[in-house]
Amino acid sequence: MKCTRKAKTGWLGLGVIVTAVATGAMFLGGVPSESQATGLTTSTSGMPSAIGWNTGDSNPHNVQPVALAEVDTASKRHANSLSRAFRDAATAVMPSVVTIQSLPGEVPASRGEAGEQQIPEELRNNPFFKRFFEGIPEGSLRNPRPRGKAGAGSGVIVDSSGIILTNNHVVDGAGKLIVKLHDGREFEAAEWKTDPMTDIAIVRIKAEGDLPSAKIGDSDEMLVGDWVLAAGAPFGLKETVTAGIVSAKSRGIGITDREDFIQTDAAINPGNSGGPLVNLDGEVIGINTAISTTSGGYQGVGFAVPINLARWVGDQLVSNGTVQRAFLGVGIQPVTSVLSETFGLESVKGAVVTEVREGTPAAKAGLQAGDVVIRFDGLDISQPRHLQAAVERAAMDKPHDIVVIRDGKEVALKVNVATMPDNLLASNSGSNGVTDGTSSRFNDVGLEVAGLTDDVAEQLNIAGESGVVITAVKPDSPAAKAGLQESMVITRVGKSTVATVDDFRKAMEDKSLKDGVLMLVKAGGSSRFIVVKN
């Protein structure tokens with residue numbers, strides 16, 4: 001009875017195999033001298049086999065094979081040709097595919113309860129504060145505590161010097177990264193840089209000699225229905241390749257600020273993130289990023305960041321350490337069927353301008369609220385994110401053509417885009433260079449701040465004080481880990497007094513989260529120093 005239950009829960013297959021092997025061994029042991037008479041063949045190991053394998057070279061039971069004329073040889077050739085294409089594409093890309101392990105690091109913890117801030121060197125070495133630390137052993141301030149999170153993902157080498165392209169969420173919050181190559185070698189990452197807005201990251205390792213780098217394709221050339229392969233390490237199973245097609249292009253699914261995903265039915269699972277999506281030439285055309293699922297695993301809907309976007313982001317991360325985006329200075333929204341009819345449009349496509357901010361490139365170019373943008377530099381604009389992508393990647397040293405529908409007629413304008421200010425970073429709601437005017441976002445720190453008005457200061461019981469008030473803190477960000485919270489007021493960064501958002505921005509320009517940023521914050525009527533560190 002117990003054996004029956006085990007078989008029903010998954011042991012039946014194993015039981016049958018074990019039984020068959022045991023039975024075969026007993027049979028062979030009883031009649032070894034009659035192998036020829038009973039039709040026993042010889043295995044590849046030289047031992048007799050109880051099964052009359054038809055290998056083509058021998059036919060122990062004299063069974064006639066199916067006539068070749070009955071086989072659709074043309075279909076077989078096509079199938080074999082596709083199989084070879086898959087195999088060649090996988091062979092081409094796999095040497096450049098890596099696994100990335102994200103591990104917690106260690107940072108010094110302060111004396112006292114876990115989670116307290118380390119006393120900054122800036123304070124310890126300050127003549128005024130130094131007296132407060134006399135008698136406190138240096139070692140007592142440096143008990144290590146873990147920082148970051150553990151996880152695993154994939155990546156692809158895009159430069160033989162050791163530059164790897166992956167997802168931001170693969171490396172986000174890591175204390176250190178361990179990169180394992182196709183040949184088994186392991187390296188600790190020397191550095192990594194990220195762009196949360198596109199979920200793209202660059203990881204650099206230092207290895208002797210050139211590394212195998214993947215060939216980069218053109219994601220714009222991919223069409224719905226084209227074959228693709230997804231490579232990576234799903235569930236930690238390295239060097240895994242799955243096949244599918246491009247199911248759709250230019251998808252937005254609401255997980256990042258900037259989205260233009262390639263949708264595919266190639267199996268993508270946890271651990272595939274950051275790995276390459278390639279065409280049949282083995283060229284990388286996307287970076288596997290997300291799946292749509294109700295089970296936590298593959299259900300036929302996966303998404304990859306187009307390589308053209310990932311390449312643009314990666315180039316800037318390597319060159320500048322950050323991504324510089326251009327902006328117009330407008331609020332935009334999608335065209336609906338109702339708006340299309342109202343504006344006299346021929347189709348439900350375009351980006352409706354809802355606001356034009358004073359002094360911005362859009363205002364200088366003559367854009368107006370109610371305009372419907374249909375083309376930018378010759379590129380058809382079907383929806384707001386198309387305009388966002390086109391504008392943000394536009395060169396800032398030359399004018400660009402923009403065509404709008406105004407009062408039912410096409411109007412052509414020239415616009416010179418400018419660098420997007422930090423306080424104008426757009427959200428995925430479809431605005432470009434527009435916020436509500438009250439908060440400014442600082443993605444690397446993980447917080448939003450606003451100017452401290454008299455009314456807000458009074459509500460916080462700090463009337464007469466100056467600074468910037470924290471309006472939002474991103475979970476698991478450097479700001480959150482440091483203990484910053486909404487409604488706290490930042491009055492100083494480093495040695496700089498902060499009275500406005502511009503003061504805060506300028507004070508942060510030369511600061512490094514890697515080294516730690518000292519902030520003086522006020523909360524609950526008292527002030528304290530906090531070190532924000534990545």
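Cβ from N, Cα, C; glycine included.
The active site, charge relay system annotation in TrEMBL covers His169 (among others). His169 (active site, charge relay system) falls within a helical segment according to DSSP.
A coil conformation is recorded for Asp199 (active site, charge relay system) in the three-state DSSP classification, outside any helix or strand. Annotated active site, charge relay system per TrEMBL: Asp199 (among others), in sequence order.
For Ser273 (active site, charge relay system), the same-chain residues that are 6 or more apart in sequence and have a Cβ closer than 8 Å to its Cβ are Gly153, Ser154, Thr166, Asn167, His169, Val170, Gly232, Asn288, Thr289, Ala290. As annotated by TrEMBL, active site, charge relay system applies to Ser273 (among others).
The substrate binding site feature in TrEMBL is assigned to His169, Asp199, Gly271, Asn272, Ser273. Taken residue by residue with DSSP, Ser273 (active site, charge relay system) is part of neither helix nor strand, so it is coil.
If you look up TrEMBL, you'll see 317-389 (among others) marked as domain 'PDZ'. Residue counts for the domain 'PDZ' (317-389) under DSSP, split into helix (H, G, I), strand (E, B) and coil, are 21 helix, 20 strand, 32 coil.
DSSP places the residues of the domain 'PDZ' (433-534) in helix, strand and coil in these numbers: 20 helix, 35 strand, 47 coil. The annotation domain 'PDZ' is assigned in TrEMBL to 433-534 (among others).
The transmembrane segment annotation in TrEMBL covers 12-31.
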Largest separation between Cα atoms (Å) of residues that the record links to substrate, namely His169, Asp199, Gly271, Asn272, Ser273: 15
Same chain, 6+ residues apart, C-beta under 8 Å of the C-beta of Asp199 (active site, charge relay system), given in sequence order: Asn167, Asn168, His169, Ile255, Thr256, Thr289, Val305
Extra residues within 8 Å (Cβ to Cβ centroid of His169, Asp199, Gly271, Asn272, Ser273), substrate: Gly153, Ser154, Thr166, Asn167, Val170, Pro270, Gly274, Gly275, Asn288, Thr289, Ala290
Those residues of the chain, 6+ apart, with a Cβ under 8 Å from that of Gly271 (substrate binding site): Ala152, Gly153, Ser154, Gly232, Ala233, Pro234, Phe235, Gly236, Leu237
